[in-house]
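What follows is one structure encoded as structure tokens, with my remarks underneath.
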Amino acid sequence: MEADWDELSRIQVPPPSPHGMPTIATAIAFDDVMELLWVGNEYGRITSFCGPELQRYTSVRAHPVSEGPVRQILFHDRGVISLSSKSVHMITRRGLTQWHITHEDMTDLRCMSFTAQLNKVIVAGCQKAMFTIDIDKGHIVDKLPTEYNYTMMKKSRYLCAATDTGSVNALSLTDFRVVKSWKAHGTAVNDMDARNDLLVTCGFSVRHLGSPIVDPLANVYDLKTLSPLPPIPFHAGAAYVRMHPKLHTTSFVASQTGQLQVVDLMNPNAINLRQANVSFMLGIDLSPSGEALAINDAECAIHLWGSPSKVHFNEMSKEVEFADVPARPPPLDWSPDTPLSMIGMPYYHERLFSAWPSHLVFEIGSPPAPIDQALIPYLRPAEIGHYAPNPKKTRRNQVENTRALANSEPALIAPKFLSEKAREQSKAKSDGLVTDAAETLAGTKLNGEAEDDPLLKYSNVEIKYSRFGVDDFDFRFYNQTKFSGLETHIANSFTNALLQLFKFIPLIRNVALQHAASACIFENCLLCEMGYLFDMLEKADGQNCQATNLLKTFGSFREASSLGLLEENLTNKSLSTSIQSVNRFFLGQISHDFRMILPSSDDLDHKLATVASESIRCMFCQKEIVRPGNSLVNELIYPAIDIKQIRRNPAYRFSNILRASIERETQNRGWCNYCRRYQQVAIRKTVHRMPLVMMLNTALNNPIYRRLWAIPGWLPEAVGLVVDAGQILCFEGEDLRMRMQNNMPGLVVYELVGVVSEIDIPEHQKAHLVSFINVSISSREPETTNKWHLFNDFLVTEVDKDEALRFNQPWKVPCVLAYQVKDARHAMDDNWKNVLDTTLLYRDWSLNGGRSVESLATLSEEEKPTPGTPVALDTEFVDLEKAEIDVKADGSQEIVRPSKSGLARVSVLRGSGTREGVPFIDDYITIKETIVDYVTQYSGIKPGDLDPRTSQHNLVPLKVAYKKLWLLLNLGCVFVGHGLASDFRKINIQVPKCQTVDTQYLFFHPGKNRRLSLRYLAWAVFKEYIQEEPTDNNQGHDSIEDARMALRLWKKFQEYEDAGVVSQILEELFREGSKLGFRPPARNGATAVLSRPGTAVTMQNNSGRNTPSTPEVTAPTASAPTTPRQGFRRSVALTPSNGSFAPGTGDFFGGSPLK
């Protein structure tokens, strides 16, 4: 027994019935095949427990209750053998019965043991016969008469059998004759064990004509010489004994009171004592490995002893077979509207109960009305339940129709898809009708109520997807302003409102863009991502945007996950509390990111940090220490509220609460280094400098504080602060205006930029966040009036100031406030465009040192991009998530969430100059997320291409690839490509139309509702095949090849324009293309379709991406001179607007802007 042996677990012996009391264990034994401990009880049931935790495994009724307790358990490779007074039973370890043997002469069986043949056991008892049983066949082989009543047996060199008179007989293993007999104990043998050449017994003797007592000696016998050895003294009374399976001369001896002694038989003085916590011990057993000891006590408990560091029942155990986990039945959406055919019913011949006539259907059992959340703070416990004052929101005896509320439609109905509007417009024109395709928010009804319901714009907004994807959704229905909204259906998009607030704070916006323009290439830089997002929102000019890259970076921070700030951690959490924590995290992280590039600069701290010091004074010893107490966010601290004085007490004014929150004097318990213990300490904050941007968390964790915010005009648009000798003076309203007129020294005026609020409309809508922002502060031109806007994800609309700053509604809770110094109004600094760090464009950057294509050459200083420089672009993507599709009962499908793609490769080529068509960027992007599909057929990306350990390509982080494109964008480059709108959306970058040339729309016929593929155009114009299946001589899909082909098509289109044959070319393209299914024919020597001078064209369906090949088609040949090429001209936008879905209704080119 090692020094750390102790009790590992304790369990109760299972009762005989579900409602019965626990019973004592009459037999315990460790399995020598599996990690199981077997227990037999008084009712003939044997139960097994698995592992050191004694997890219940099997339980079997092996013997009838009338036969009494289970008396012994033996183990064989094939199963477990148990013995009762009148039967022998064998089961598998999983509980299946193998055989059950009874005999008329089996009257009082007590013991059993294996014989010399391992497939046979001998059973005996206090009866006149012994029986030999064949384990394999399950029947009695021999019946042996005996004159002894045997109570227990142990097999070693001999079969040692104890009698009921205290003697021990050594029987021959072959014929079971008595070889030697010892009078071991005066009355009876209580326990014994034999191993190798040693036998140890414990028993009872009578002293002085009294009752039998436990002998204080454990007798030892040498089975090799059949002679006794010196006994083991055990003064507590040797009641139970087990020999150690590995240490041949070591034995465990135990008393009935729980004392355990480990003794060496050859050296009785070397002992190890333990005391088990039992009242009365009934038996012990030692595992075959010697690492575990089981104790059975009189309180119906089994104790497992061993070393916590290692405990195994066997040296080499077989794996325990557990029952298969039953498969859960598929979930069924059972409702009154579910047809029986969806569930599956048996055949029937009578009328079903579901055919109940409709005029006999009555509504009963309506759901109870939900509890008004505004009453929760006022609930008081009663004898039964709780009570609260009546809010008097309904009339007397008026009852809420909860069933109608449960079946109500969403408050804000999604608009029609653009494709549907285009079809309706076409139909309306044919019928002579006029329809309004630009529906406004005022035209939508809320549950059939008034059309001008003010709650509409606060409702949850959700993107709907048609088979054409997100481009078919009418975002202009929700936003007719010049300010862009942010899309949902992105992980952590609940932060959209806070990101919009940051964007409209000029000083934060300037810092983010200046940092993005610097040399920062840190992968998880939140400040860079904010700069990219703010630039995208400004370039979008009212079009919808998405913060995919920023939110992915936010989700990658372990700190954010551990603090529970991610969307996956928001279950049962208040959005108000969460967004305030996110606000604190964002500001702390961007401060850290700023110092990564400019570690010695305090520019950001000057803008965001409240510079202060904290003095901590022990209230016991009066010792005081001072430490820095800078903070990026100030949390409002409210005083005790007296409802009667709430409007008259000046302490309840916002300015006074703000001052107390910044100075912050508190008392709590803390560690005192002088007292060397926890004491009551006073903490006082001394402010030295206030920031230019003051971020405040409202901390409305008590409903009583909402009374202050409900006061009209309580939140001021402007506050004035004065820092004087570590003290703060705060003014608002008339006091502020008076001091501004008097030019008070040191007065700094802050104006409110915006508020992030939680909206929780209790009409089956989930809580969400919106922001109210004064957009005039960030305008580049001075404005005389303040214009407030509501940003509800991608719903953006103008609201008046009173509505934005009114918080008397119970469903509108302010969370985050942002104030900025008034002197920084309109301080929109765009100088970052002149100081772009373009080093990344002129040098190679690689994670793995992977090789680039042989033709790639980075830009030289002589090739520095300038405004109007054309570059050809093509990107490839892989699937990170498959689309989530809802299949309805009628078989129709609705896209709930589209597939999620990840940028995998970016190729950029020179579009002009002597090295035209030569790539200078060809980056593969490493992806840490799980890739569900490489879509190799369309992307050319194969497994292993994006793994730094195996990739042979130039791998870079997404941040590096994105920044290269962002630099080209802001240097004024014009991007030439095919299907660029989809690429830009997946990259998450906003490119103005004046910097885009999309060949998908160049070769577009205004009267044909079809867009042609790059693959088809390449064959038709240049007689070349691209995007083919990979072969030995062809690598298959290649983004460099696609970008170069788009560049050549653009040049060719310019030639068509110079020749004045664009319309004729397009007509013939579509006419001949329709014969070929707008697909290139198979390779058979066929030439291009066109027979006109200078042309060779065909086109394709879908979005211009790798349409499968068609059966072989032969086209006519053409041979003609080409039109003269024209020098490069700066191009304008050729990509349609977001809302233009059906190009057949108009001309995107507007008279060919290339001219």
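Just so you know, glycine gets a Cβ as well, placed from its N, Cα and C.
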Matching residue for the divalent metal cation site, where Swiss-Prot names Asp874, Glu876, Asp983 - out of Asp800, Asp802, Asp1042: Asp1042
Cβ-centroid neighbourhood (8 Å) of the divalent metal cation site, Asp874, Glu876, Asp983, Asp1042 excluded: Leu873, Thr875, Arg905, Ser907, Gly977, His978, Ser1039, Ala1043
Residues near Asp983 (divalent metal cation binding site) in space but at least six apart in sequence (CB under 8 A): Leu873, Asp874, Thr875, Gly977
Other CB atoms within 10 A, centred on Asp1042 (divalent metal cation binding site): 28
Listed in sequence order, residues with CB under 8 A of Glu876 (divalent metal cation binding site) and six or more positions away: Leu903, Ala904, Arg905, Tyr938, Ser939, Gly940, Ile941, His1037, Ser1039
Tally of DSSP helical, extended and coil residues in the repeat 'WD 2' (276-315): 0 helix, 20 strand, 20 coil
